[in-house]
Structure formats: C-alpha cells, structure tokens
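Just below is one structure, and these are the notes that go with it.
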Amino acid sequence: FSEITPTQGEISVGESKFFLCEVVGVAKEIDWYSPSGERIEPNKPEITVTRNDESSSTLTLYKAGVDSAGTYKCLATNGDQSAEATVNVKFYRKLITFKNAPSPQEFNEGDNAKIVCDVISSPPPTIIWKHKGVKIQMEKDVRFKILPNNHLQIRGIKKTDEGSYTCEGRLMARGEIDLKIIRVIVNVLPTIRVWQSEVNATAGVGQSAMLTCAADGYPEPMVTWARAGVLLESGDKYSFNEDGSEMTIMEVAKLDEGEYTCIAKNKAGESEQELSLRVFVKPKITFLLNQSTSEMEEQVTLTCEASGDPTPTINWSFGLRTFTEGEQSLDGNVVVRSDARVSSLTLKYTKFTDAGQYLCSARNAIGVDSQPAYLEVRYAPKIQGSVTVYTWEGNAANISCEVLAHPSDVSMLWLRDGFQLPNANITKAKVFQSPTASYLEVTPESENDFGSYNCTAANEMGTESKEFLLIQADVPSAPSLGEVEPFSSSARVEFQEPDATGGVPVLRYRAEWKTVGRGSWVQRVYEVKGALSEVTIIGLKPETNYEVKMSAINGKGEGETSPALVFKTEPVREPEPPKLEGTLQTKGNSLKVNWIKQDDGGSPITHYLVRYKPKRQTDWKPEIRLPSGSEYVVLSGLEWNTEYDVFVVAENQQGKSQPGTLTFRTSPEPAAIPGTHTMHRSALSTGIMAGILILAFVLLLLAVDITCYFTNKCGLIMCLCGKPGSGAKGHNLEQGKAAFIKDESKEPIVEVRTEDECTANHNLMLAALFTSVSSVCVSALSLLSLPGWLPWLWTPSHL
C-alpha cells in the first residue's frame with residue numbers, strides 16, 4: 001500500500017511544489033511516472049525524484065508551467081509485490097490579470113463606443129461592468145451591451161455617459177476578485193453660435209469691424225478664421241482675442257466686404273460657419289468744377305460726381321433754394337438731371353443773380369458730403385438805390401448810385417443837363433466815390449437845383465445809366481389823435497403818425513394842452529425813438545377839463561396841428577402802482593429793485609412801502625418804508641437759490657396804490673466766497689483799533705481838563721460847573737437872564753444858572769462825567785476781552 005501527500009495537486013503557475021509518496025512496509029524500488037506515462041529520471045532541472053528512505057520518495061516540480069499539468073503516478077515494488085498511488089496536478093493563475101484596459105479611453109459623441117478591458121485568469125473570470133460605482137443593468141438601457149470578449153459596448157455614446165467605468169473580474173471557485181477603473185472621455189464635435197451672421201461696417205479712416213462666433217465643444221475648440229480658403233493670421237490687418245472667437249478687421253475698406261469662415265476644431269472634429277461683412281461707404285464727392293459765363297449769353301452746366309455705398313442721392317442748393325431731379329423753376333431755366341452717381345445742374349439763361357456758390361450734397365444712409373462750386377457770371381453794371389431823394393433849400397442831400405457789376409472795375413460819373421458834375425454852374429455839388437458806389441452831395445440853393453440827376457456806370461461788359469430825382473421836401477401833416485387815458489395828474493395820449501411825412505422822417509412830436517376855455521397852452525416836445533405811438537402829459541390838476549393837440553416836426557419844419565381833443569382828469573385818489581425792474585447783484589443773494597413812478601393820483605407821494613418774502617413761505621419780511629424821492633431799494637442777505645416775491649406800494653394822502661410786483665430767483669450758493677473771512681476780520685480789527693484810539697483820546701482829554709481845572713480854574717469842567725478864577729477872561733451873562741438869537745426870537749437858547757446852583761451840582765456833574773468815561777472804558781475792555789482777539793491784537797503784524 002502506498003499514499004501520496006498532498007492528495008490535491010493544484011499549483012499556481014510559476015510556483016514550485018513537491019509531493020511525498022510513502023509505502024507501508026519496505027519497497028525495493030519507488031518510481032514516479034509523468035502524465036505521459038514516462039518514468040521520471042532523477043535529478044532533472046525542472047522536475048526531480050528523490051529517494052528519501054526505504055519507504056518514501058519525493059517528486060519536486062520547480063516553477064511549474066501549465067504544460068506540467070496532469071496525473072502523476074508513484075509505483076513501489078518489492079520483488080513481485082507492487083503498490084501505486086496517483087495525484088492529479090492542476091495549474092491555475094494566482095491573480096486576475098488585466099492585460100489590456102487602458103485609461104482614459106476617448107470616444108466622439110454619437111459613436112458606437114467599445115470600452116476595452118481584457119482580463120486573463122485561470123479559470124476565465126466572470127466580468128461585471130459598473131458606471132460611477134453602479135452596476136450597469138443591460139436590460140434597462142439597450143444601448144449598453146457586453147460583447148463576447150467581455151468588452152463594454154455603448155451605442156450612440158452621449159456626453160452624459162462620460163465618467164468612470166469599473167471593469168471587475170471575479171473567480172467564483174476561489175472567491176477571487178480584482179477590478180480596473182477606466183475613465184471614459186466623450187469628445188463633443190464643436191458647435192458654432194453666431195449672434196450676427198451679417199455684420200455691417202462703414203469704411204473710413206480709423207474704422208474697424210468685428211466678427212464674432214462662439215464655439216462650444218469638448219475639448220474646448222480652437223477657433224481660426226479664413227477667407228476664400230486662406231487662413232487669416234494676426235497682424236496689421238487682423239487681430240484676434242485670446243480664444244479666437246472675435247476677429248477685428250482694421251481700417252475697413254470696401255475691399256474687405258465678403259464672406260468669412262469661422263472654423264472651430266477639436267479632437268472630435270471640425271465645424272465651420274460663414275459670416276458676411278457688408279461694408280458701407282460714406283458719400284464722397286469725387287468731381288466738381290467751378291464754371292464761368294456771361295449774362296444771357298449761353299447756358300452753363302455744373303456737374304457733380306459722388307461715390308458711396310449705398311449709391312448716394314445728389315442734391316443741389318443755392319442760397320435757400322434746393323434743386324432735385326427735373327425742372328426746378330416755373331420758366332424752366334434751371335434743369336437738374338441725375339444718372340447713377342452723376343448729377344448735373346443746367347442754367348439755360350444765366351442772369352447776374354445766378355452768380356455765387358452752388359452746394360452739391362451727396363447723401364446716403366451712412367452720411368453726407370457737401371462741396372461748393374462757384375459760378376462766375378460776368379455782367380454789365382446794375383445801378384441800385386432809391387431814385388427819389390427829398391431835401392429842402394440849404395440842406396445837403398446825398399444821392400446814392402450803388403452799382404453791382406462783374407468785373408467790379410467800374411467807372412462812374414454824374415451828369416446834370418448833359419454836363420458832368422461837379423461843374424462851374426453847380427458849385428454846391430460834390431462827388432464821393434467808393435469801390436461799389438458813387439455819392440452825389442447836393443445842397444440846393446433854389447428851385448433850379450431840384451430835379452433830375454443822371455448816374456452812368458460802365459465796365460468791360462457794358463454801360464448803364466439811371467435818373468435820380470431830387471425833390472423838395474415838405475413839412476409833415478398833422479398826426480391823428482386817438483384815445484386819451486386820463487389820470488388824476490397826468491394823461492396818456494395815443495396817436496397815429498402823419499399820413500404824409502413830407503418825404504423825410506418825422507424827428508419829434510409837439511404836444512400842447514391847457515384847461516378848457518382858459519389859460520395858455522403848455523407844451524412839451526417828444527423825440528422820436530423807435531415806434532412812438534403815445535405820449536404822457538403831466539402836471540395836470542385833478543377833476544379838470546383839458547384839451548390837447550399835437551403836431552409833427554421833420555427836418556423841413558413843423559407841420560399843421562391836429563384838432564384839439566377834450567378830456568377830463570380823474571379825481572384825487574391813490575397813486576398808480578409803480579413799475580418794477582430787478583437787477584441781481586454780483587454777490588448773488590442780493591437784489592436791487594428799481595421802480596418807475598407812475599401817476600401820483602393828484603396828490604404827492606409821501607413814501608414807498610417795500611415788502612418781500614420767499615415764494616414758498618406765507619410770512620412777509622418786515623416792511624421797509626422809504627421816502628418819496630427814493631427810486632430803488634437793495635435787498636441783501638437773501639437765501640440762496642430761492643424764488644422771491646417783491647411788492648412795492650406808493651402811498652399819498654388818499655391812500656395806498658395797488659402793489660407793483662416782481663418775482664425773481666437768487667443764484668445757487670457758491671462753494672466758497674473768497675476773501676469773506678479776511679474782510680470780516682479786517683473790519684473787526686479796524687473797529688477795535690478805532691475803539692482803542694477813541695478810549696486813549698478821551699482819557700488824555702480828561703486828564704488835561706482836570707489839570708486845567710485845579711491849576712488855572714479853566715477848562716470844560718470849569719465851564720460846566722466851576723467858579724471863574726481871577727484870571728478868567730470872557731463876559732458874564734447877567735444873572736437870571738437869557739441869551740437870544742440875533743433874529744430877536746423870544747425863545748431862550750441857553751439856560752443860565754446862578755453860581756450857587758452850579759456849585760451845588762458840581763459833584764453831580766463830575767460823577768456823571770466819570771461815569772460816562774468809565775462806561776467807555778468798560779465797553780472797550782469788554783471788546784478786547786473777546787476770545788482770540790487780545791492775543792491777535794498784540795501780534796507784530798497788527799501793531
């Protein structure tokens with residue numbers, strides 16, 4: 001009987017293992033046979049047989065491989081007796097091996113992905129796939145499938161399928177397990193988003209255009225730009241932002257217009273998007289020439305060409321007139337024709353008034369360009385000016401012969417009865433010349449000097465003459481009186497200017513008035529300033545009938561007087577409201593209010609009352625009372641940037657007028673008023689110095705006066721209450737009498753006391769005097785004791 005230990009022959013590939021064969025009893029021979037049936041010889045390198053003793057033998061397998069698997073037999077013999085035992089040797093791999101399971105594995109979105117995981121073990125393992133730690137349930141998502149080679153297939157892989165996948169191998173017999181984590185990356189083909197597929201730009205100096213496309217994808221796409229298949233590179237013409245999504249085209253020109261390709265590329269592939277650049281061009285006038293012609297001689301055409309995109313429309317203008325396509329005047333003299341980028345303006349019959357600047361304007365949606373063309377028209381002189389001039393004997397008159405001509409080199413002369421002026425027959429005529437006019441000054445001495453005067457002007461284009469009439473002027477007719485508005489002491493008279501002015505302007509009006517039926521005429525002359533249509537007569541008596549008449553005066557003289565108009569003044573009453581005018585002062589928060597006195601109501605104005613307040617408040621400031629001769633008041637210390645109401649009332653014996661009103665707003669408060677602190681301090685310092693000087697003078701005067709009183713019995717104190725000394729000069733007034741002024745008035749101007757009364761009051765007067773001086777001292781000292789002033793006063797800069 002024989003036995004092999006161990007009975008189980010499982011060996012891991014690459015390991016070594018021995019087997020012991022033990023025989024019960026004594027065995028002469030103990031041999032080992034390989035799975036092929038061959039006897040194993042002792043001392044082989046890979047497999048050896050060793051006889052241990054009489055009853056045992058050892059079989060050793062070194063670093064056995066799979067080819068060594070099989071059944072080994074131990075045979076023991078002793079003579080004709082034998083015994084055998086067998087052991088089945090099996091090989092297995094010690095660990096599960098991941099032969100090919102790369103990480104990461106990348107796929108493009110939408111592809112049928114196969115995640116590779118080759119697992120080797122013996123026996124073959126069972127493979128389980130997990131996504132993000134969770135076992136994949138094939139029956140729940142048909143996109144997932146485990147292939148026969150244990151690879152994981154995902155049909156139409158998505159970006160959401162990206163992540164960590166676990167390839168797990170298991171050997172159920174031995175409970176062995178191993179795993180491999182594979183990171184799966186899903187690359188996404190770039191997609192391009194364009195906010196503006198057609199970009200508009202304007203060509204011009206310094207103008208640029210930007211094309212933008214945003215690319216999404218994984219990995220982040222690289223964006224490039226191309227035009228007509230040529231890749232664009234950064235330089236003077238093109239610039240790109242960091243990720244290439246924005247391309248800026250510098251100095252945009254019309255040649256840059258066209259299609260541009262935005263190309264986004266990553267591992268998943270390449271995408272393209274076309275963008276269009278439309279370049280607009282501001283209008284620009286490219287051709288325009290000045291022209292020259294002669295009046296009424298031939299037609300002339302001005303031509304204007306312009307470029308631009310969109311094609312510009314071309315208009316013409318001359319002064320305030322604008323010309324467009326077609327006939328532009330009733331007589332058909334101006335014709336405008338346009339064709340694409342060219343426009344022409346034709347004048348069929350040129351007049352001198354057509355000369356000047358013609359403006360060609362080219363306009364499109366982008367802008368406008370305008371340039372002038374000048375039309376020169378040569379023409380003979382055109383004499384301008386009034387043909388009639390009025391004057392009177394002895395008054396010089398100027399006759400103006402104003403000339404328009406081109407060329408402007410014009411000769412001008414004056415003729416009278418065929419004779420050139422001045423001449424011996426007309427000595428009172430003088431001629432003055434200017435480049436564009438000739439002036440004839442005539443001082444008529446008699447009727448013969450009035451009449452026709454001829455002005456003749458000539459240049460290289462021709463000659464023109466014109467007759468001027470010098471007419472004797474007349475005095476104006478009477479003005480027409482209208483409505484009279486009476487007041488208590490004045491009246492406002494409305495009138496219309498004379499129907500005939502005599503050929504020369506009215507210079508003055510004379511108004512005359514008097515009490516109806518008695519008295520003499522009172523008159524006043526009013527100068528004509530602007531359009532005078534009313535006058536005010538003053539100094540009237542209340543509730544009295546007056547008559548008024550007027551006449552007009554020109555350079556010739558005074559004309560007829562108008563018929564008298566009767567009116568009655570109002571009874572004595574309160575004054576008319578004054579008219580107010582306000583002027584904001586430089587300081588900004590003060591106002592000067594001026595008023596113009598109106599009718600006083602037949603009673604002299606006694607005073608003016610001024611009230612004012614902020615508009616938003618209900619309470620008025622204290623009323624200001626001013627004498628009748630006042631013409632203004634200055635309101636100071638007002639609130640900044642505030643609207644105020646001002647009322648001014650005139651008052652007479654009859655009562656108060658209605659208020660004259662004024663509304664104004666003060667200026668906003670300035671940030672600082674320079675010099676305010678300095679002025680305030682300067683004013684205070686001046687007052688203090690003045691107070692000190694007055695105090696010192698009073699004290700000095702008092703000391704001198706007291707000395708004079710006690711030494712010589714004289715001085716102010718002596719005059720007030722002292723007895724005269726022996727050396728005193730002057731005359732005593734008679735005791736108990738009074739002195740009167742020289743007009744023999746009976747009222748005493750000085751009261752005289754007796755010596756006893758003066759002596760009795762001596763001490764009282766001295767006490768009063770010292771009390772007054774003491775008050776002055778105390779006031780000055782209290783002023784000096786203000787905080788900060790005394791140290792400042794004694795600084796060297798103020799001494």
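Every residue gets a Cβ built from N, Cα and C, even glycine.
Copied over from TrEMBL:
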type: DOMAIN; residues: 1-90; note: domain 'Ig-like'
type: DOMAIN; residues: 96-167; note: domain 'Ig-like'
type: DOMAIN; residues: 190-276; note: domain 'Ig-like'
type: DOMAIN; residues: 283-376; note: domain 'Ig-like'
type: DOMAIN; residues: 381-469; note: domain 'Ig-like'
type: DOMAIN; residues: 475-572; note: domain 'Fibronectin type-III'
type: DOMAIN; residues: 574-670; note: domain 'Fibronectin type-III'
type: TRANSMEM; residues: 688-710; note: transmembrane segment
type: TRANSMEM; residues: 764-790; note: transmembrane segment
Confidence summary for the domain 'Ig-like' (1-90), mean pLDDT rounded: 83
Per-state residue totals over the domain 'Ig-like' (1-90) - DSSP helix, strand, coil: 3 helix, 53 strand, 34 coil
Summary of DSSP states over the domain 'Fibronectin type-III' (475-572), given as helix, strand and coil counts: 0 helix, 53 strand, 45 coil
